[in-house]
Amino acid sequence: MAGSPSRAAGRRLQLPLLCLFLQGATAVLFAVFVRYNHKTDAALWHRGNYSNADNEFYFRYPSFQDVHAMVFVGFGFLMVFLQRYGFSSVGFTFLLAAFALQWSTLVQGFLHSFHSGHIHVGVESMINADFCAGAVLISFGAVLGKTGPAQLLLMALLEVVLFGINEFVLLHLLGVRDAGGSMTIHTFGAYFGLVLSRVLYRPQLEKSKHRQGSVYHSDLFAMIGTIFLWIFWPSFNSALTALGAGQHRTALNTYYSLAASTLGTFALSALVGEDGRLDMVHIQNAALAGGVVVGTSSEMMLTPFGALAAGFLAGTVSTLGYKFFTPILESKFKVQDTCGVHNLHGMPGVLGALLGVLVAGLATHEAYGDGLESVFPLIAEGQRSATSQAMLQLFGLFVTLMFASVGGGLGGLLLKLPFLDSPPDSQCYEDQVHWQVPGEHEDEAQRPLRVEEADTQA
């Protein structure tokens, strides 16, 4: 029986036990394998007779701060638009990112920085871990309100591994360039989440339809997330690019692309809106598509005009997606995309990957000069042509879509295990299922919810 004492006890213990197990296992693995790198270790750094001003901390940490704020504040508040799910949006973002950054340090460390029997970490490890956490949070947006915290932690456990493998294949085996993660972060996270949502499809989700909308103050809080993301996105795309002209160019291209996507979003929102009025959903999300679409190409010689054109296109495509494609996605394809990650991350991510194919194919020694080595080292060394680089960029997109689709399917099957607690159809998008909500009174909509109600569950 759904409401039996044994099930209630299991639900009470599920999250604490899983958190303790995952943190304990991670701590043991850190103790065995993780060590400071030579720029962090006291003895190794001073043995090299370096100046403290040469430490990468001073070059990379400002970007890390911005990326960190995007992950924990930007993503968290962007998802508080649901009128009864603000605690869960911010709280589960906090939980997922805190676990994902630890687990990804291990996974990425084994793949990228494992030597002499240890993983060596520094500030770049922190940035890479936050990038991985960002992909997990993108996937979270697709299933927001329909999953429990234990399910989300297991999703992160699987997704981080697949993210790390996909990133390793693209960046190290194929030599793909993807500085801002149009493919490795946005496309992967979006389609992993969308396939996951398809596997977890709820035919009776209409029972919670009254909670799916926003109210005035929840949309206002969500705009805080939008502004944080918009301001810091140039740092996100440029955080790990080559110091100097490459990093400068990446930030500049992202800056202009975001500005153009914002104007494109306002224009299309008014054009397709009822009586020419703006839709806050479009402004909160599609205005950010400019940061996604130049993720791959922002370190390349995209040109300021190219950045503006790409951003404007991404903003318009994303807005049209929210207006027309999201309803089709649910009615025809049975994908219930809560946050519209397909419109903000999926389509702009694919467009960004294709833009990277185009710009890589146009790369020449004349255009880049000595800077070709930092952007396309294999072309500079004569190991491949610009056309070959472009073809591998395109192949990298297909590899990412494959990893995301297979991973999302496996994740959906994992999250459907019967012993995992998830909210019934009539209690989705409701904080009271998982949180003590202060100030609640006796009206029917806000009474303590009964988990024993018989509904279809994910």
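For all residues, glycine too, the Cβ spot is worked out from N, Cα and C.
The topological domain 'Cytoplasmic' annotation in Swiss-Prot covers 1-13 (among others).
Residues or ranges marked as transmembrane segment by Swiss-Prot on the basis of sequence analysis: 14-34 (among others).
Here the topological domain 'Extracellular' (35-61) has long-range neighbours at 113, 118-125, 127, 239-240, 243, meaning same-chain residues at least 6 beyond its ends whose C-beta is under 8 angstroms from one of its own. Marked as topological domain 'Extracellular' by Swiss-Prot on the basis of sequence analysis: 35-61 (among others).
As annotated by Swiss-Prot, N-linked glycosylation site applies to Asn49, with the evidence given as sequence analysis. According to DSSP, Asn49 (N-linked glycosylation site) is assigned to coil rather than to any helix or strand. Long-range C-beta contacts of Asn49 (N-linked glycosylation site), restricted to its own chain and to partners at least six residues apart, with a cutoff below 8 Å, are absent.
Same-chain residues lying 6 or more positions outside the transmembrane segment (62-82) and placing a CB less than 8 Å from one of its CB atoms are 89-90, 93-94, 97, 123, 126-127, 130-131, 133-134, 137-138, 140-141, 144-145, 211-214, 218-219, 221-222, 224-226, 228-229, 232-233, 235-236, 238-240, 281, 284-285, 338-339, 429. If you look up Swiss-Prot, you'll see 62-82 (among others) marked as transmembrane segment, on the strength of sequence analysis.
The topological domain 'Cytoplasmic' feature in Swiss-Prot is assigned to 83-86 (among others). Under DSSP, residues within the topological domain 'Cytoplasmic' (83-86) fall into helix, strand and coil as 1 helix, 0 strand, 3 coil.
The transmembrane segment annotation in Swiss-Prot covers 87-107 (among others).
Per Swiss-Prot, the feature topological domain 'Extracellular' maps to 108-124 (among others); the stated evidence is sequence analysis. For the topological domain 'Extracellular' (108-124), the mean pLDDT of the prediction comes to 96.
Using a Cβ-Cβ cut-off under 8 Å and counting only residues 6 or more beyond its ends in the same chain, the transmembrane segment (125-145) has close neighbours at 37, 60, 63-64, 67-68, 70-71, 75, 79, 82, 85, 88-89, 92-93, 96-97, 100-102, 104-105, 107-109, 112-113, 152, 155-156, 159-160, 163-164, 167, 181, 184-186, 188-190, 192-194, 196-197, 200, 208, 211-212, 239-240, 335, 337-342, 345, 408, 423, 428-430, 458. The transmembrane segment feature in Swiss-Prot is assigned to 125-145 (among others); the stated evidence is sequence analysis.
Summarising the annotation, Swiss-Prot assigns topological domain 'Cytoplasmic' to 146-149 (among others) and lists sequence analysis as the type of evidence. Beyond the topological domain 'Cytoplasmic' (146-149), the same-chain residues lying 6 or more positions past its ends with a Cβ under 8 Å from any Cβ of the stretch are 14-15, 92, 95, 155, 197, 200, 202, 205, 336, 338, 415, 420-423, 428-429, 433-434, 458.
If you look up Swiss-Prot, you'll see 150-170 (among others) marked as transmembrane segment, on the strength of sequence analysis.
In the topological domain 'Extracellular' (171-178), helix, strand and coil residues by DSSP number 3 helix, 0 strand, 5 coil. Annotated topological domain 'Extracellular' per Swiss-Prot: 171-178 (among others), in sequence order.
What Swiss-Prot records for 179-201 (among others) is transmembrane segment, and it gives sequence analysis as the kind of evidence.
Here Swiss-Prot flags 202-219 (among others) as topological domain 'Cytoplasmic', drawing on sequence analysis.
What Swiss-Prot lists as transmembrane segment is 220-240 (among others). Here the transmembrane segment (220-240) has Cβ contacts under 8 Å with residues 60, 62-64, 66-67, 69-70, 73-81, 86, 124, 127-128, 131, 179-181, 214, 247-248, 250-255, 258, 262, 280, 283-285, 287-288, 291, 294-295, 298-299 of the same chain, all six or more residues outside its ends.
A Cβ distance under 8 Å defines the sequence-distant neighbours of the topological domain 'Extracellular' (241-251), meaning residues of its chain 6+ beyond its ends; these are 59, 179-180, 234-235, 298-299, 301, 371, 374-375. Residues or ranges marked as topological domain 'Extracellular' in Swiss-Prot: 241-251 (among others).
Sequence-remote contacts of a segment are chain residues at least 6 beyond its ends whose Cβ falls under 8 Å from one of its Cβ atoms, and for the topological domain 'Cytoplasmic' (273-282) they are 81, 214, 219, 222-223, 265-266, 318-319, 322-323, 340. At the 8 Å Cβ cutoff, the transmembrane segment (283-303) and the transmembrane segment (394-414) share fewer than 3 close pairs (sequence separation 6 or more) and do not count as touching.
The listed stretches are 179-201, 305-325, 394-414; of these, 394-414 has the most Cβ pairs under 8 Å to the transmembrane segment (150-170). Under DSSP, residues within the topological domain 'Cytoplasmic' (146-149) fall into helix, strand and coil as 1 helix, 0 strand, 3 coil.
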